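Straight from TrEMBL, the features:
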type: DOMAIN; residues: 57-369; note: domain 'Carbohydrate kinase PfkB'
type: ACT_SITE; residues: 330; note: active site, proton acceptor
């Protein structure tokens, strides 16, 4: 890594005055300072259905080997076929839920550091999601309705590629006025200091995202977002750019960054330039400079550090140890957030992100061993 200005890369992303008692958090007993519900996530809770498929299967449903899309009518049969013809694994998924789950796993204690909001159906898959969230010690408060079944996401794996097809179903039914606006739920939003919402939720409830983002900005808290998939920058540009002025930390991968740059007319495909231009987009809360973090698979992660753009090398891994790259991006964010809520430097946040992603790609689905081994 190019250390650049050492004091700049040590910038605390949750800026606080030097004499605040929360500086005590740097002790080894850091978890004693961490409060329940300090991290808030909201998104699409989905049950992941993972299976190894062949190229014919991808071709049949018009899928690219490495992509994320929303299911259309032509994909409806895919969900039945993948379960009938393949050995499938079920995992609690959905991008934001994965990330807060990983953050909680990295932190370990106290439990319920992370809150999660999203919509599920009153059905068997919904019960699985509730059980999995409880097992992960995430404080999930689902809006439950019976008009639509719990959402699913087919992860079609070929080699080390994965093509994700999300059937949002219930996840698409999240209602601000029926859930987020309720006093008991909004109190949980107010308790948080760090907020994370994947761009995928822009397709569901942009008004919910804006309410949370404005609260974060008005109270000088940290609001994080993810570009999530190329189609978000392409087809949900308007809601994305309405939220962007409130975004303190923006995540994305190299493909999403390139699509975002194209849609914004940046006229460059240089990822460091894209990061800089994204950092400089209009921003509401001037007390925090926006931080942009772009991952690039096995290549260096790119991040804006003050006025510079810095490259952070990822951990080496033997190709043979890679089992499933599905969830690597979510895991990176989860690791990052786990250090961010502990007021660590950007450098440490990225190191934790790299560690979490390295663990997750050795396993099927966004799953992890009992305890992390991160120091």
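Note: Cβ is positioned from N, Cα and C throughout, glycine not excepted.
Caution: TrEMBL annotation is automatic and unverified by curators.
Per-residue pLDDT, averaged across the domain 'Carbohydrate kinase PfkB' (57-369), gives 94. Counting every protein chain shown, 27 other Cβ atoms lie within 10 Å of the Cβ of residue 330 (active site, proton acceptor).
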